[in-house]
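Working notes, beginning with the structure itself.
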Amino acid sequence: MASIRRTLSPYHDRPYQNGGNPFSVESASHKVLYNGKASSALPSFGLGILKFFAGGLFPKNSRKSVNSWKKWIYRCSMFFSLGFLLGMAPFGGVEDVRSRDFSFDESFVAKPVEIVKEENVKNLVVEKPEENFVVDKVELGVVDVNKRFDFVPRKQLIVVTPTYNRALQAYYLNRLGQLLRLVPPPLLWIVVEMNAASLETADIVRKTGVMYRHLVTKKNLTDIKDRGVHQRNTALEHIERHKLDGIVYFADDDNIYSLELFESLRAISRFGTWPVAMLAQSKNKAIMEGPVCNGSRVIGWHTNEKSKRLRRFHVDMSGFAFNSAILWDPKRWKRPTSDPIRQLDTVKEGFQETTFIEQVVEDESQMEGIPPGCSRIMNWHLHLEARGVSYPRGWLLQKNLDVVISNSS
């Protein structure tokens, strides 16, 4: 029996020019795995894993390829079985897991809340849904602003006071200033002097604590018939220029006023008037001058002097007040003319009031009587100041305000 014997290729042992093997895999991973210099740099454990995978995937030659794949499959199966067994092995007691209760407590379950809603009710009450609920009762209240806050917007009062140097000036200004302190704000006190503002007057007005403005009338005294008329006109010009909003009232410093009067002024819409008590020129009887009212409607006038019966309106200078907007907003009040409203110094004494009022209103239908019925006297014009007051010897008067004792006495 003849035997056939294969001879090896003469090129089996011939190395390549670069010293490699024709059947070897000269890849980058192969060089790293089988190069002694590179492998020595890796740790022993990591090097073993790399050799294991590289040995199965990259065999050295083709004869051992079949055995290498078998070894690789065997090793994978062994590691898979080992991992499976470790995953199934219990590291804790089974009873510990069974003993834990992962269900939700019924007390923490959200339940719908019933809300009672009623019309025209200010408070909404949330009823108690369950006995074990934490919140017992909730009330959503609506704040009543009118009960909680007592702030009531008030009209500003603009009190005009002409004054001049005389013996009792300090007494009159202090008396009027102390009264104005009791009037609820807002209130503006306009004090007007002639020619120059004295430091003494400014000091008295400032110490009262009332908001004020100190004005001066620049007029030649020789050409003035009634200084009070020009002083009031200076205040009217100031109000018109700055458009001060409020109720204007002419309050002379020598008159007597009740606190009720200033409280009633804020009820005026356009023009308000009231009766004033005063002494007659003979000073032996008291008379009353002012409106006769039916409620708040003016229907007539009180008068006692024959010389004043020709007046259209029988009112004292301290017996009326008006809205300041009439001065600087004629269209709003439907005034027939836009001429400035001022008091007249050219008319006969006692007629300044009526000529001024005729510029503000047309007739009694535009007036308001205060208080209702005009049945109460709220201020007095007594004319009690004595003329030509003489001081005792040894006393000096500085600016007609404060009395001091002379050193020579």
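Positions of Cβ are set from backbone N, Cα and C atoms, glycine also.
Please treat TrEMBL annotations as automatic predictions, because they have not gone through curation.
Given the structure is predicted, the values throughout are model-derived calculations rather than measurements.
In TrEMBL this protein carries:
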TRANSMEM  72-93  transmembrane segment
BINDING   Asp254  Mn(2+) binding site
SITE      Glu289  site 'Interaction with galactose moiety of substrate glycoprotein'
ACT_SITE  Glu353  active site, proton donor/acceptor
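Straight-line distance linking the Cα atoms of the residue listed as 'active site, proton donor/acceptor' and the residue listed as 'Mn(2+) binding site', rounded to a whole number, equals 18 Å. Here Glu289 (site 'Interaction with galactose moiety of substrate glycoprotein') comes close to Pro275, Val276, Met278, Trp301, His302, Thr303, Asn304, His314, Val315, Asp316, Gly319: these same-chain residues lie at least six apart in sequence, with C-beta atoms under 8 angstroms from its C-beta.
Taking the Cβ of Glu353 (active site, proton donor/acceptor) as centre and 10 Å as the limit, one finds 23 other Cβ atoms among all the protein chains shown.
Of all Cβ atoms in the protein chains displayed, 18 besides its own lie within 10 Å of the Cβ of the residue listed as 'Mn(2+) binding site'.
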